[in-house]
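Below is one structure, written out as structure tokens; comments come after it.
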Amino acid sequence: VIIRLEFNKYSGSEQNGAVPGEAVKKDENTRRGNWGNQIEFVLTSVGYAVGLGNVWRFPYLCYRNGGVPGAFMFPYFIMLVFCGIPLFFMELSFGQFASLGCLGVWKVSPMFKGVGYGMMVVSTYIGIYYNVVICIAFYYFFMSMTSLLPWTYCNNQWNTKDCSGVVGTSYANATALMSNFTELANRTVKRTSPSEEYWKYYVLNISDDIGNFGEVRLPILGCLAVSWVVVFLCLIRGVKSSGKVVYFTATFPYVVLTILFIRGITLDGAINGIKYYLTPQWQKILDAKVWGDAASQIFYSLGCAWGGLITMASYNKFHNNCFRYRDSIIISVTNCATSVYAGFVIFSILGFMAHNLGVNVADVADHGPGLAFVAYPEALTLLPISPLWSLLFFFMLILLGLGTQFCLLETLVTAIVDEIGTDWIIRNKTYVTLGVAILGFLLGVPLTTQAGIYWLLLMDNYAASFSLVVISCIMCVCIMYVYGHVNYFKDVEMMLGFPPPVFFRICWRFISPVIITFILVFTVIQYKPITYNNYIYPGWSLVIGFLMALSSVICIPIYARKLRQLLGIEGRISKQRLKNAVKPHHTWGPALQEHRIGRYAPTVSPSADRGVEAPLHEKEKETETEKKPEEISLTIQGSNGSTHNPDTTA
């Protein structure tokens with residue numbers, strides 16, 4: 001009776017999503033922490049997947065590659081179904097099963113832990129330059145708090161003689177003005193907008209070369225500090241605080257998008273922009289570049305291989321249903337739908353801008369920072385009450401960026417805390433967060449110099465390009481073929497109560513790796529040296545870019561070699577040493593003791609004492625005759641500080 005009462009006290013009375021037929025369990029990881037509720041996880045993941053790239057990169061790829069209902073969306077949908085959603089579900093289930101970040105989960109096969117380090121390197125690069133983009137949005141937001149936007153006219157000290165604005169001119173005058181521009185173009189003189197000169201000569205005060213750093217732009221540096229402070233304060237209590245913040249940061253951008261969409265479609269010329277966005281060009285469907293762009297957009301927009309998905313899922317409760325219509329599918333579809341919706345908002349404004357300039361929509365559209373901080377600001381000056389729309393637009397950019405930045409920082413912090421794993425580091429996780437934030441700020445300072453934009457684009461194009469594809473491919477192969485697809489399918493079934501659907505099994509084993517390889521091949525085939533406007537990057541800077549790309553991938557073979565040399569893995573034959581190196585660690589499995597059933601039952605074996613995991617099927621073969629009578633009172637320390645007797649679970 002006493003034993004049964006102690007077990008009931010430990011297990012609790014809440015079901016908390018336990019698999020039907022199992023004993024009632026307490027599903028809360030009190031030592032590490034969980035999301036307050038499932039909505040917080042979904043909103044955080046949506047904020048992570050939906051970022052700044054949804055606002056500028058997707059619409060640009062659409063009109064360049066055949067339109068939304070045309071040649072681009074067909075391969076985009078194919079890549080989403082057969083690669084995007086399956087990989088998304090794999091990373092969520094991977095992190096949730098072990099309740100560990102991108103480093104800890106590689107207990108599944110310690111030799112491949114370098115994949116986790118590669119994810120950390122990628123997240124570090126992205127976190128550094130991504131927060132610089134957010135800080136520039138902060139700067140534009142603060143500068144919009146005025147009765148007249150500073151980039152409206154050409155009568156400022158930073159403007160050149162080539163500056164020509166259209167505010168206050170009629171459509172006929174603008175058309176005549178564009179005729180003059182055409183004539184001037186024949187003289188190699190190009191018209192520059194007030195917003196472009198404000199961006200280049202005032203905000204950036206851009207230098208003439210990537211090696212000429214010049215001075216630090218103090219206003220940008222100050223905004224960078226503000227941005228990091230905001231990120232730190234939102235993560236000061238880990239997922240317990242960020243989970244509350246995302247109720248606002250993940251939803252309010254949709255409010256702003258809707259306001260801008262309603263305003264945009266009521267403007268003159270907006271319909272022309274939307275028509276351009278929706279015009280199909282089916283002849284491009286056989287163009288290999290279209291398929292490559294669609295695949296890369298799916299891959300990068302969902303955030304696969306960044307480590308963030310694994311980290312966010314690791315704070316789920318063990319029996320959370322991370323598949324059926326709640327997590328994987330909802331988040332993936334929401335991300336893609338947001339991209340399409342943002343395209344309508346963007347092209348309605350660009351259509352209005354083209355109408356005022358008297359040019360085609362294709363002549364005013366751009367991508368990357370040029371679209372966010374040149375084309376949009378210029379279009380905003382043409383709107384009534386332009387400071388209000390500017391405030392809303394840049395506030396939306398800030399929130400979109402912060403949603404992704406939260407997860408990038410939490411990925412690094414969680415990996416560090418899980419790797420050290422002591423009670424002290426878990427209790428003082430805030431100091432780890434502060435240290436990572438300070439380091440990120442310091443590493444971002446060079447990007448606030450006059451050459452900062454060159455370095456930002458270099459990191460964006462190389463630090464998180466083909467390395468993500470390689471990391472994702474190796475992760476998929478390791479789980480399916482090294483750890484074993486049968487073992488992983490059983491793990492998912494134990495966690496969710498049902499095995500992965502046949503479609504996902506086929507995608508994980510065959511289709512997704514093929515598509516990932518396809519992306520890698522086309523990334524190499526389509527490679528072109530990076531340029532910024534008319535500036536051609538020197539060779540030495542491209543070498544640095546390739547080194548940044550390789551720095552994450554090289555972690556995989558380096559760690560594998562180090563593991564074999566330093567751990568002294570048993571076995572004299574090289575083949576046996578390799579087999580032991582890829583075998584799951586004896587601590588691999590669910591984090592909470594009450595979830596370690598079946599293959600993961602907490603039994604003691606001689607091989608475990610040697611630091612090598614015994615075959616899982618042998619863990620259940622110990623007989624009661626091997627135990628002493630006094631072992632009945634043996635207690636096991638639970639992760640929440642309580643104790644229970646493993647034998648009482650029978």
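The backbone N, Cα and C atoms fix where each Cβ goes, glycine too.
Since this is a predicted model, take the numbers as computed values, not measurements.
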Cysteine paired with C163, where TrEMBL records a disulfide bond, from C135, C154
C154
Within this structure, do the transmembrane segment (218-236) and the transmembrane segment (115-142) have 3 or more Cβ pairs under 8 angstroms, counting pairs 6 or more apart in sequence?
yes
Spell out yes or no: are there three or more C-beta pairs under 8 angstroms between the transmembrane segment (506-527) and the transmembrane segment (72-94), with each pair 6 or more apart in sequence?
yes
Most Cβ neighbours inside 10 Å, all chains, among the recorded positions A49, C154, C163
A49
Can at least 3 Cβ pairs under 8 A be found between the transmembrane segment (388-409) and the transmembrane segment (298-316), with each pair 6 or more apart in sequence?
yes
I need to check the long-range neighbours of the transmembrane segment (463-486): which residues 6 or more away from its ends have a CB within less than 8 Å of a CB in the stretch?
87, 90, 94, 108-109, 112, 115, 118-119, 122, 125-126, 129, 299-300, 304-306, 505, 508-509, 512-513, 516-517, 519-520, 523-524, 545, 548-550, 552-553, 556, 582, 584
If you measure A49 (Na(+) 2 binding site) to C163 (disulfide bond) at Cα, how many Å is it?
38
Counting only residues at least 6 beyond its ends, the same-chain positions whose CB falls under 8 A of a CB in the transmembrane segment (218-236) are 131-132, 134-136, 138-139, 142, 203, 242, 245, 249, 402, 405-406, 409-410, 413, 430, 433-434, 437-438, 440-441, 444-445, 448, 452
